[in-house]
Structure formats: structure tokens, C-alpha cells
Amino acid sequence: IITQVNCDSALSSLVVKIGDFYKFISEDDRLSKLTTMRDILKSIADQISDCARFIQNYSATKCFWVRLAKNVMSETTATIKQYNEVLDMLIQSLRERLHRDAHLAVHDIHATVHEAHTILNSMIYAAGAGLNTAKKCLEGTRMEVLDEIVEWIYRSDPGTPRVFWLSGQAGTGKSAIAHTIALWTEELGGLGSCFCFARDRQAEHRHEKLFLTIARDLAGRNPMLRQALAGIVAEDPSLKSTVDIERQWCKLILEPVSTLAGDVSGNTVVVIDGLDESGDEQTRESILAVLASTELARLPNLRILLTSRPLLDIHAALDNVGHLIYKSLDDVDDNTTRRDIHLYIKNRLQMLRTSFNDAEVSQLVAMSDGLFEWARLACEFIKPRQAGINAKKRFNELISRTRGQGSALLDNMYRSILCEIVHDSQDALAQFQSVMRQLLYTAEPLPIGSLNAMRRHFPGDEEPTNMEEILEFMAALLTGTSDHVTPVRPLHTSFYEFLSDPTRGRDFYVDKAEMEFNLALASLRVMQQGLKFNICELGNSYLRNSEVPQLENRVKDSIPPDLSYACRFWANHLQKAGFNSSLGEEMTAFCGSEHILFWIEALSLLKSLGTAITSFEAVEKWAQGQGGFEHLCAFAIDGTKFIQTFGTAISTSTPHLYLSALPFSPARSLMSTHFIHKFANLPQVASGQQQDWSVQQVLRGHAEPVASVAFSPDGKLIVSGSWDNTICIWDAHAWTKIGGSLKGHTLSVLAVAFSPDGKWIVSGSEDKRICIWETHSGSQIHCIEGHSSNVKAVAFSPDGKWIVSGSNDETVCIWDAHTGSQKHCIQGHTAAVNSVAFSPDDKYIVSGSLDKNVCLWDAHTGSQIHVMQGHDNYVYSVAFSPDGKQIVSASRDSTICLWDVQTGSQKGKPFKGHIYGVCSVAFSPDGMWIVSGAMDDTICLWDAHSGSQVCQCIVSGSEDGLVHLWDANSGLKIGGPFEGHTDAVEAVGFSPDGKWIVSGSEDTNICIWDADSGSQICLIQGHTKGVCTVAFSPDAKWLASGSDDTTICLWDAQDGSQRHILSGHMGRVNSVAFSFDGKWVVSGSDDKTICLWDADSGSQVGSPFEGHTAEVWSVAFSPDSRHIVSGSKDYTVCLWGAHAGTQMGGSLTGHIQDVTAVSFSLDGKMIVSGSHDCTICLWNPYTGVQIGCPLQGH
């Protein structure tokens, strides 16, 4: 009986267990949908089904005694026990799997959160621009304004204006209200971000970080937004550091926030304080455009509180905006303002030992003219500062001294406080101005210790004033005056404005003087002294910077504020200081030492590597054209390429500056030649190392060939169209793709172009359509249909109103850029139109076609003006010159032609040089050069006036009497041998237009050759001995030759007739040269002299120039024709006055063998000389000093 009771009880337990399990499963049906649970749940279900059948059979016997009789000899008890055990085991297995999956899910969530955190932390962020509770309003003040703003914030009406603009003059308390609202909303969980501009932080370009910072702040307060933003940035990493305000707003705020708007409860407040302090009008333009945009309507939960002074540009942008509330503090009831200021002053004066009655407080209120900043300064002034003078005396002094209104009232208060500091002492005033000058022109606020550290490196013999000597008395006006940690900055921006305006500051006015120079010099010296290899003692190169434990703390400990400042801002000060030779020497020392690499290392650790490129570019501009410092320009260019190539690797993991970037730099790059030998145990490239920097950058992102590219008008962006049907926009500075590909065309994109203002892009496609895109957002504005075949060419008119297109349908069409409607469809070509362009004045359109013709059209009427014929094959590309007077065309016939716009006639002969068809052609912005790209995989540069190729060919003559032509880039022979001489060729040269080659030989003859065909044009005879030197005049009309027969001959280059024989030398003539104006000829001879000749008359000018002690091998004129340089067998270089014939200064010595070649640079600021000692030297013609070290390599 007991056994049967236990059996029934066990069965009941099994039933309960099955019931509990089903209840657990049915509570959340998501469990049954998990793929990882399906097998175990099926096993449990099968087991329960078996149990159910067993229970059904067991319970069919209702009578206890019958069950007892039936089960007494059976294994029913064991079966029930087994069912229980198997079910327990399966349920336990389910629990373990759920536990495991929960752990994995938590791990995945943690990984996702960590990844989002890493991505967002790598975004640029304006540190120190947020909420400052010390600036909040005194409790009980400004309540009416605060209540009005709070009521606006919490309105639930979806039509509520998104922006509240609080305006007011300096000192009216705008910032106090902004920080109070930020504090209140933060306490209630509604603050999205608080961003404060500051005049003393303008050098940080905070306006470029505004929406980046706000986006990060918003993401930090909302997990869903954090994930959405991280996803956007992961897809387009360029967003992490973009300075494009509109892209920041659209991609980082508008897109993610509008997507999540329905999932957000309550309103989110963004405070932007002090927009007027962002910089000039240009810095605010894009920000104001965003605030005025109707796109804000897509963010019903967003409230933007904006404060600023009532500047004209801000009013112009916001006055007629419908989604904005405007409130001016100048319009607040005077009684309300006086009440608040009375409360504020009373509160502040209660902290003093001396008591003040209401009448005295009211006197101060009446004097404040509604300015809270004046009230604050008045209370500071009243505080006793000297023994024997109590607060009442200070009060009476203030009452008697201060008068005025508005800013004049503030200025009077500033003068009152400063008079107390300097006490009418000229020495104290000078020290004050020196200290304040450094504060005013330091690019970002620094603590006292760092300011002193910089100050110690200022030039001068006197010990500089210690900052504390002045700043300890200025607590009423500045923060950071009592410790060495807090940055020193004005408590109110109007103080710096007072000091920097001579009409306001008067005796206390602080001019710039030499401060930019001082700060540049100090920055360079701080870096020389403070930078070192592996400054943060990183252990290895296996970790990314983001993975190094406590790296931010290590950076703070290892790179003090003054060193951090110097690394980030030295180039700013260098530019503003203007060129100075002593700064040039400091820069030379810095660039020539390993410290330049230590600087790049520090910038990587400071997350400011982008500063390196702008710094190098600043140095290049700064040193441009400065005699003796050309090496700095070269180093800056090399440094820019170094960062552009390796910047990503260096910023990701700093040690790879040394382990990857330096070893893999081209062998002949300055970075490599200067520094590779200074670091031991670096990897070495065994084979295949580049010798020089190749292309500037290869941009990869398209999946098919790229058919068309264009620069934006400001040069900051590149657009590309591809056979993959997409358009890409690239950052031309950072070489990164911006955003995703623009998709809309259904076939290959064949042509792209920017609008003149850069805001739009137009594209033409194989799908017969023309699309117009918004550059910043990438959104499609219009899709124009009208052509019946491929659109192969598109262009905007210079005024941006019209678009011209060329198509395979043989037509040229003009479209309204704003509406997309067609203005003209021009017919005239008999084959596909490959290229179109507007003239700079909008009057004409030029087109090039497969019909071999170039056509000029009236842009307004569509009528044909000229048909220009001259090419023998398809015309692939056409372009106007910048002045609109010429057209250049490129053809499959491998030539380039130049055309006169007025007459339609061809100018000169076709430019020849490419081997295969020329696909693309363009003028340089100054119209002096033409660039072409061809099917022979080459890009050529041409002189637009002469049609000659620039730096493309080298001509040589040899002892075998042959003349050869070589490609300057590849070193391959491209012409010759030109046969005609019967003895060694001693001299060769090109005509200025590159069309002719001249050669002089020991056979006494001179030959002129056609550079293209190699045929001999003219054989000139007249010398009685070998010809040693030849030279064309600048206009190529005349030819000069010097000979072993001691004479110089002038010849007509057209027909070879002799014009003059110049006699005067007593030995072989080794070198002749024309002046740049063609009026003079100079010659150098074995007789150790130099002679000057009148090219027109052939007569000698003055006496021979004497000074060399051996044969003169080479002579040359300066570009202004006023000076002559000579090189001699006596190892020296001499400089002469061309017309006086006197030597200028002493001989330039440095070579240790014969000087065989000399020349001036095109700007006349350098002389170059080559010698038998295998070196090349550069010289400063003004000082005679050698520039740098001799160049070695031959």
C-alpha cells in the first residue's frame, strides 16, 4: 500500500513538473524562436509526449486497489522515476544553455557598446566647452526670463519653435542665463549638450567642432542614439574629423536624431552660448545656415537655446526664421533688471565685514546701467586690497570715479581696477602690458606655470617679468591667477576687447608688438628642449593607441601644457610673425634634427596629427621665395607627403612612425635621407623600395573604371564618376572618401562637374540622364531627361544658372540648373559630342566631337559661331583659357590644338609629343600652361604660348658626332641619332619654344634640327676651328656661338646667315649666353676674362672683366640682366655687375675642382654651380654665402 501511495505521489510530481515547464515556456514565446534552443526544446517536447501517454494510461485506472493489484508486480515505480530523472536532466540542460546564451549575449552587448564607445571617442571633441556651474545666475534673479525659456522648453506642441535666441549687449548676463538653463535641465535629465564659445579660444577653431561635440554629447545621454551614431561613423570614418559644418549637422545629428524621434520621450535641450565669440562672420555662416534651416522641423523633441550679442550678420541670418523665438535682454523691463542687480549686489556685499544699507546698494544699481558684469566688477573693486583702506572707502572712491553708459561704463570700471594695480608707475605699466600681450596673443589659455615656461624662451638679455608679479593682483578680471593648474582667461570677454582697442584701452592698450615672433621662437625652443624619443614610454607597437592602458594620463604626465601648446600652435605663430632670418635658422635646426619626428610622435599622442599637414603647409608658404631658406620649402613639401602617406598608420599606433613610416619612405625622400640612419634596428626594405614620392595619392573606392573627375572651386573636394554607376566625393586634403557613394544612375557615370560655388554636382550617364546633387548631403535635387543617348559631357556656367551637356545623340543641350528645364537643344555636329565647356564670361559654349570638329556656340541663342577644323581624328576634350580668348582641344590624332575664339582660326602648329590619342586637356588658372592626359599613360605639361613641352626632353651630343633626344622622365631615347656632324659634338641646346635643337661640333659646323622630325633645317659654317658653345636668343631669332678660333659669331637662326663676328678674346671661347631681354651677349674664355657684347651692333661693351686666375668655363645672366655669374678652372664662382664690369664681393669658394657650369634661378635669388668635384652648390647672390651643404649624387 505504501509503495502504491509513493507511486501515485511521484506521478503527481511529474505532472506538476510538466505543468510548471509549460507555464515557463508560454510566458515568453521568444524563447521558442531562438535557433540555439530548438534541439533541446524538441527533446523536452518528445519526452513530455511520452510522459503524457504514460500518465494517460496510468490514470485510466481510477480505483486505488485495482492500481495496487496491477502495479504490484510491474516496474511502474521505476518508469516514473526514470521519466522524472530524464525530464530533470533535459530541463537542467535547457537552464545551462540559457545561462550560456545569456553570457554570450551580454558579451556581445558589451563588445557592441565598447566598439561604439571606441568609435565615438575617436571623434573630434571640444574639451572644456561645456557647462560651468560657477557661471549660473544668483538664485532669485532673472526669474522672468528663465521661466519664459523653461516654458518654451517643455511645450509639447509639435509646432513649437526649435530655436530660442537670447540676445544682449556685453555684460547683460546672457551666459549666466545659458548656464543656469543648462544646469536645471541637466538635473532633470533633459540636457543634450552645452557648448560655449570663447574669444580667447578662437585659435582652436571651436566652430569646426560644434556639431561634432554636440553629437557626442547627445550620444552619451541616449544608448539608441549612441549605437545609431556609431554605425554612421563606422560606415564613413571621415565624419570623425570633418570640419564641414553642414555635413556634421546632417550626418551626425539630423539623420540619427530624426530617425529616433518617435522613440524619445521628453524634449532635449542644446545650449549654444556666445556664438558671437566664435570668430568672424565667416566662421558663423554655416552654423547660422543650420539654425535657420527648415530641416529642424524634423526634430520635434529638440530645443536649441542660442545666446549672442546682436551682431548684424546674426540678425540677417535669423530675423525672418519661422521656427525661432527672439528675446533681447535689452528689452527686459528696467525695473526687473534693477531688482535683479540689486539682489545680486546685496548678496555679494553681505560677504564683506562692512555693512551697506539699501540706499548705498541702490546707488550702485543706478550706476550699473543694467550690466551684471559691471555689478560684479564693482563688488570686486569694493573689496579691501590694502591695509588701512576699508570697503566703505573703496565704495566712496568708486562712486566718485565711475560714470558712463554701456561699454563705456565697463571701460571706466576696467580702468579703475587697473589703476589700482599699476599705481601710475611706468615700469609697472610696461610689465602689465608685457604680461597681457602674452595672454592676448597666446592661441589658447594656459596656466601660469606654462606661460612662464614659454616666457623664459623669449629673446632678449633681460630676465622676463614673472607672470605672477602681475597676475596675482588681477583676480577680479582673470581666472587662474592663484594656482599653476587653471588656465588664465578673462572672466568676461569684454576685458580682452578693452585691452586690444586703443580707443577704449588708452594707456592700458596692448599692441601685438613682437609677440607672434616671441611665441613662435619660444614654441620652437620648448619643443627642442622638451621633445624626446618615445616620450610616453610605450612598451611595444602591437597595440593601437586606443588600446594602450591609461594612455591619456601618460600623455598628460609626459607632455606638459606648454609643450602640448608648442606642438600644436608653433606654425600659427610662425605664419603671423612673418619671415625672419633668425626664425629661419631656428626652423632649419628643428627640421634638421630628429625633433621633427619627435614632434610628429607627440601630435599622434595628442590626437592632433592633422595639425602636421597644416603646419608643413604654413612653413612652405612662410619660407617661399626667401633666399637661403629654400631647403625649408623642400622639407615642408616632403613632410606633407610623409604625413599624407603614413598619417593613418601613425595616428593609429604611434610607434609605427619609426617602425613603418620611416623605413618605407622613398629612399631619396628628405625624411629618409635625413633620419633613417639615426635610428638603429629599424626594418629594412630588401627590394622594391620606392626611390621618390610617386603620385600624391591613390584614392580607392570605385568598383569599376573611373570615367571622370573634377576639383571643387575651392580645391577642397574631388568628385569622381565611374562605370560602377556611382559618384564619389573625396576630401582633397585628407585623401579620404566623404560619405557613401551617390547612387541614382542605372548605368555608367561618364561625366561630373561642380557648380561654381561648389554646392552642387552635375553628372551625365550612359542611362541618358543628367542628375544634379547637393554636395554636402549627397541628396539628388533633379534628374533631367532629354537626350536620346549617352550623356558624355556636362558643365556648369560660371554664374551657376545653366548646365550644358553633350551626348552621343550628336546634340549639345543647355538646361536651367534650378528647374531642370531645357533652354536649347543645339544641333550641328554629325557624330557624338565628347566634351563641352562654357566661356568664363558665360557668352559662349565650345564642344568637341567624334566628327573631328570643334564648334563654338552662342550660349544665349544657341546659334553656331565657328566650326574649327584641323584635327585628323576624334576630338576628345575642349577647354577655354581663363581669359576666354583661346580654346584648347585634344584629339585621338595625338595632338593638341590652340584656337582663337574671335576668329576661329588655329594658333600656331599642333602641340605634338604624345604617342597615342589625347583624352583630356585643361589650362592652368593663370593661363600660362596646358596639361594633357593621353592613352599612352602619360600626363604632359605644355607652355601655352610656345607649345613646347615642359621638362620633357633632354638633348645630348657625343664624340661620335651624333645628337640624341631623351625622355626626361623615363630616360628612354625618343629621338635620333641626328646625323650630320663629322667630328665630336661639343655643344647642344633647345630653342626657347622647344621646336629646334642646335648643335656645335669640332668639325667647325653648327647644325639646327627639327626637334620633332629630327631633320636638319640648317647647316651653318663660318668658324675656322671647333665650335665649343652655342645659345639661342630668347625670341629664337638669333644664335650665338663660341669657338676655338677665339671668336663669337651671331647668326640668323632662320636662314643661318652670319650677322656679326665678335673679336676680342685671346683664347678659346668656352661659354656664351644671351641676356633675358636679348640685348646683350656675354662670353667666357680660356684667356681668363669675360666679355660683354651689344647683340644688335656686335660691339664690345667696356673692357673685359678680369678676376679669375684660370680659364672661364661658364657664364650666365641674371633674370633681370643686371648681373653675370661665371665659373672657372680656378675652382671659384664670381658675380659681376653686367654693365659696370666690376666684381661684386669676393669670389665664392667651396668647390675643390673646376667649376664647369653656373646659372641663376628664375627668381634671381639663387645661383647654382656644378663642378668636376662631382658636387652642385647653391649660393645666395646677395651675401655670397653658400646655401646648405653641397649636393652630392653624381
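From the backbone N, Cα and C atoms, a Cβ is placed for every residue, glycine too.
These features come from TrEMBL:
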- 162-310: domain 'NACHT' (DOMAIN)
- 699-731: repeat 'WD' (REPEAT)
- 742-783: repeat 'WD' (REPEAT)
- 784-825: repeat 'WD' (REPEAT)
- 826-867: repeat 'WD' (REPEAT)
- 868-909: repeat 'WD' (REPEAT)
- 911-952: repeat 'WD' (REPEAT)
- 954-971: repeat 'WD' (REPEAT)
- 978-1019: repeat 'WD' (REPEAT)
- 1020-1061: repeat 'WD' (REPEAT)
- 1062-1103: repeat 'WD' (REPEAT)
- 1105-1136: repeat 'WD' (REPEAT)
- 1148-1180: repeat 'WD' (REPEAT)
Checklist entry - Any residues 6+ beyond the ends of the repeat 'WD' (742-783) with a Cβ under 8 Å from its own? => result 244, 246-247, 250, 704, 707-714, 716-717, 719-729, 789-800, 803, 805, 807, 815, 817, 819-820
Next on the checklist: Which residues of the chain, 6 or more past the ends of the repeat 'WD' (1020-1061), have a CB below 8 A from one of its CBs?
Outcome noted: 983-984, 986-993, 996, 998-1008, 1067-1074, 1076-1078, 1081, 1083, 1085, 1087, 1093, 1095, 1097-1098
Checklist entry - When DSSP states are grouped into helix, strand and coil, how many residues of the repeat 'WD' (699-731) land in each? => result 0 helix, 18 strand, 15 coil
Item to check | Helix, strand and coil totals (DSSP H, G, I; E, B; other) for the repeat 'WD' (826-867) | outcome: 0 helix, 24 strand, 18 coil
Next on the checklist: At a C-beta cut-off of under 8 Å, are there same-chain residues at least 6 beyond the repeat 'WD' (911-952) that contact it? List them, or none.
Outcome noted: 873-874, 876-883, 886, 888-898, 967-969, 990, 992-995, 1012
Next on the checklist: Quick test of the contact rule: Cβ under 8 Å, at least six residues beyond the ends. What residues does that give for the repeat 'WD' (699-731)?
Outcome noted: 238, 242, 737-739, 741-743, 745-754, 756-758, 761, 763, 765, 773, 775, 778
Checklist entry - Near the repeat 'WD' (1148-1180), which residues from the same chain, at least 6 beyond its ends, have a CB less than 8 A from one of its CBs? => result 625, 627-628, 630, 1113-1120, 1123, 1125-1129, 1131-1135, 1186-1188, 1190-1192, 1194
Next on the checklist: Checking distant contacts: for the repeat 'WD' (826-867), what same-chain residues at least six beyond its ends satisfy Cβ-Cβ under 8 A?
Outcome noted: 789-790, 792-799, 802, 804-814, 873-880, 882-884, 887, 889-891, 897, 899, 901, 903-904
Next on the checklist: Across the repeat 'WD' (978-1019), what are the DSSP residue counts per state (helix, strand, coil)?
Outcome noted: 0 helix, 22 strand, 20 coil
Item to check | Secondary structure content, the repeat 'WD' (1020-1061) (per DSSP, counts of residues) | outcome: 0 helix, 22 strand, 20 coil
